[in-house]
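Below is one structure, written out as structure tokens; comments come after it.
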Amino acid sequence: MTLLPARRLLLVHAHPDDESINNGVTMARYAAEGALVTLVTCTLGEEGEVIPADLAHLAPDRDDTLGPHRVGELAAAMRALGVTDHRFLGGAGRYRDSGMMGAPQNDRPNAFWQADLDEAAAHLVAVIREVRPQVLVTYDPNGGYGHPDHIQAHRVAMRAAELAAQAGFRPDLGPAYAIGKIYWNCNPRSDVEDGLARLHAAGHAFPGIASADDVPGVVPDADVTATITGSEAYTAAKTEAMRAHYTQIVVDGPFFALSNDLGQPLFRTEHYQLVHGFSGAAEGAREDDLFAGVDGTATREHGARIEEVAE
Ligand SMILES: [Zn+2]
């Protein structure tokens, strides 16, 4: 039997770079605190747009080598965050980036969007039963912004959490295990609007500025149940991790842009919505630790029971 760290966090993402943008501070913090941080990325991001002109040849309509290149970017990002356990769903290259919603790439047989849900979930069940995470982080049902791979990552993560707990499902993948808490990534509207206001006020190098509608996972502030605030060190690690994804992201101080050239805030505070399990915070208060209430240290009896959110 393998000994596991006491606290274990699993994150499920669609493409290399999503983890650093959404959860870089959170991953850096829990890795530094000695938790096991496991990242499962579902595709290699083969259909991403390439920002640096001298790497344009990597693009899918030219050499089609962006996927393997991004494996290296992800590895560098994980070094920046101090995360050592990162994997691709079903192994690198098992599922291909599906491209934007409606693109012909959606229909390729190996596109993640075409994956059989239970087959894809079974790959994740194996990981869940191996690392036995108390906390799972993934996207909301719209994947934050409607990208097919983000929607599919949400579906696979939620289905795998359900199947992993069923003793009758694939006993060959290990003993049944129920994840204590599941969170969806989110961005409270007031933070997004404040960040965009700072960007408008600051000097910056971007051709344009995003609107709140361009930022994924924006929710009313009241929907946020957990907030992880980055120290200087964790914010620096997140920034370095985002810079490691240099085919996809341009970072300028506390701001960044994707290939659409629209500047947006690089958030040093990350937010979550608890959708399964007990909150470790007093009723009405936000948690400041995703493990609150699951590791024997927090006040489970004071936490409100969060019911499974129906899709
Ligand atoms: Zn993505």
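Glycine residues also receive a Cβ, built from the backbone N, Cα and C atoms like all the rest.
The annotation Zn(2+) binding site is assigned in TrEMBL to H15, D18, H150. Counting only same-chain residues at least 6 apart in sequence, those with a Cβ under 8 Å from the Cβ of H150 (Zn(2+) binding site) are A14, D18, Y139, N142, G143, G144, P216. Under DSSP, H150 (Zn(2+) binding site) is assigned to a helix (H, G or I) in the three-state scheme.
Long-range Cβ contacts of H15 (Zn(2+) binding site) within its own chain (separation 6+, distance under 8 Å): T41, C42, T43, L44, G45, G48, R70, D97, D149. In the three-state DSSP scheme, H15 (Zn(2+) binding site) is classed as coil.
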